[in-house]
Amino acid sequence: MEPKILFLCVIFLLFVSSSSIETMKKKTYIIQLHPNSQTAKAFPSKLDWHLSFLQEAVLGVQEEGEEEEPSSRILYSYASAIEGFSAQLTESEAETLKNIPEVVAVRPDHVLQVQTTYSYKFLGLNGPGNSGVWSKSRSGRGTIIGVLDTGVWPESPSFDDTGMPSPPSKWKGVCQEGESFTSSSCNRKLIGARFFIRGHRVANSPLDSPNMPREYISARDSTGHGTHTASTVGGSSVSTASVLGNGAGVARGMAPGAHVAVYKVCWFNGCYSSDILAAIDVAIQDRVDVLSLSLGGFPIPLYDDTIAIGTFRATEHGIAVVCAAGNNGPIASSVANTAPWVSTVGAGTVDRKFPGVVRLANGKLLYGESLFPGKGLKKAERVLEVVYVAGGDRGSEFCLRGSLPKETVQGKMVICDRGVNGRSEKGQAVKEAGGVAMILANTEINQEEDSVDVHLIPATLIGYEESVVLKGYVRDTVRPKARLIFGGTVIGRSRAPEVAQFSARGPSLANPSILKPDLIAPGVNIIAAWPQNLGPTGLPYDSRRVNFTVMSGTSMSCPHVSGITALLRSAYPNWSPAAIKSALMTTADLYDRRGKEIRDGEKPAGVFAIGAGHVNPVKAINPGLVYNIQPVDYVAYLCTLGFTRSDILAITHRNVSCGAILRKSPGFTLNYPSISVIFRRGTTKEMITRRVTNVGSPKSIYTLNVKAPKGIKVIVNLKRLVVSHKVAANFADGQLTWVNSQRVRSPISVTLKNH
């Protein structure tokens, strides 16, 4: 998502137009060059070659008297993720570069946003004896997981390296020094750390925010998001983890034996694509095995998507890439990071709750959730008068700071609607106005979403239905009163998994021929590591200190799948990234822990909410069959989409003839683990081809179950497999499940288009 810019136009009595001023203003652009250019050989280094293009552009439009050295304009010189560089250019200089034959594309910099003591148990990773996933995968030993995020707090106990081996000999990374971060900040667990700030800095983005702690110009984490995700993906075992007593237990990452390398690309106001591309570029050279990106924006075409372009090169190097689907659900077609070579992960719930019940004076109970440590505390659970300050233009219904009249809320419990400001920040606003407790009320937008917080005052979150009841009670009662009852931690009494309301939904707007998200994973109320200089809310006025806190989002579900991907990479080091993704998808669950269909609100979850289903690592470690894909297959797939030669060159660095490719492989379809069929106007029949590879028992027999989508007839020409190595199956469409001792399932989506 490109950053929004507000232009304030001031008219001077000068012979310079506002459009001329804007043309001279420098912005960051990413310049992609042809990878096979012969002129590169004439220069002593890649940087010199890249600089020559900048010099040509600058000299072509430079005004008389300008003496700025062009080399000072270059931010990054890329070599692995793409061939090219990022630089500060005026609009006219960018146009000059576009006309140079060896320039493939000139793209403006975009800004993206960042999108456990129990979840490993919920996923069954801690199985008994030698049958457990951790045992079969050696807990991810020998794998290196690269995490692109807000950095890391290296002193967290989750990054203790006791019992960890040295990094693999292939590791080429470094522990980059910076503010409050030295080379000794890394160890055998946290083996590398780097930071990338040039794109952020030249965009004139502030490095500090009044509502956030100070930023570190280093790989040290200032916001907590990166520490949380890095510990989720590969944190060490911590036996005394809790959030102020709630959720107590042993904390472990998904791959506790894996090494972690952190690449800080996100700062207070976002993550710039020039910095992200630089991190991917270096991570490829560092030789990571898995890349985890809990960041993204809104869907954009693949040929304009920096993450898609950079991660294609990572995939070519055998790196498995996992990305967050985004938090713009439940809006249809909101899913981001939809490239077929990445695993796109939505969010689901776990069966752990933190009850915070509202007991009204009329005896009615409203269920809520809270991590406020108030269980059994009389002061926190006392009866209070309830007020709801709505109306006017001060935003008091949202409890904005300074919006609540003290004479109204002093000593009372205040209802605050969700939205506009942060959930925990509302509690601070109530506290500053003299209120002593808060009920955070979901609006119609949030429905029954239950993301909990470690509130600053006694508080709980209630769903939309409960909020309607509560506000009706307050409206119709002369002196409405209530008390909060905190229930601590409750496990196993609720249905799970369910789809998180905020989890982005398909179909993919930019790429509907691939079903996205690929799958879902735990992403609601996840407890993981936290910087030791922050309170559990992350707010600067929260003086409490913790080693762990709770967060929700597809940012949390992404590292779950990244860690499980590392487990499979450790168990099967020769598998391709596509084979690993296939194992995760074809073994995913469609049913919750009670054996009922996974729910999406009040209805069964559809494929555009959960993709293949909820990740099940116990089954994924032995998938039986996989759908494999080679990088060259993605090129052919892009040809089937009608992409131009220049589009494909921008994405893949391959200058190909789609006509020749499609003549060689008529009727080509990508060997993806899920199946998407688009019927355009006048089309009544489609033929889809898949090839499965046996990775299970050398001699296996599979039978085929087919569940056709409504209104669709399915014809399959192979219903029984007797496999040794590889088999091929052609079919029209439907839900396919190969069955023997395990089930290998491919979901199908069917789209009807009138154009």
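Any Cβ shown, glycine's included, is placed from N, Cα and C.
Annotation source TrEMBL lists signal peptide at 1-20.
The annotation domain 'Inhibitor I9' is assigned in TrEMBL to 28-114.
The domain 'Peptidase S8/S53' feature in TrEMBL is assigned to 140-599.
Long-range C-beta contacts of Asp149 (active site, charge relay system), restricted to its own chain and to partners at least six residues apart, with a cutoff below 8 Å, comprise Val114, Asp221, His225, Gly226, Thr229, Ala230, Val262, Tyr263, Lys264, Val265, Cys266, Ser292, Ser294, Leu295. Summarising the annotation, TrEMBL assigns active site, charge relay system to Asp149 (among others).
Residues or ranges marked as active site, charge relay system in TrEMBL: His225 (among others).
Among the features that TrEMBL reports, domain 'PA' is placed at 386-466. Summed and averaged per residue, pLDDT over the domain 'PA' (386-466) gives 89.
Using a 10 Å radius centred on the Cβ of Ser555 (active site, charge relay system) and all shown protein chains, the other Cβ atoms total 29. For Ser555 (among others), the entry in TrEMBL reads active site, charge relay system.
TrEMBL lists 670-750 with the feature domain 'Subtilisin-like protease fibronectin type-III'.
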>> With every protein chain in view, what's the tally of Cβ atoms within 10 Å of the Cβ of His225 (active site, charge relay system), excluding that atom itself?
In response: 24
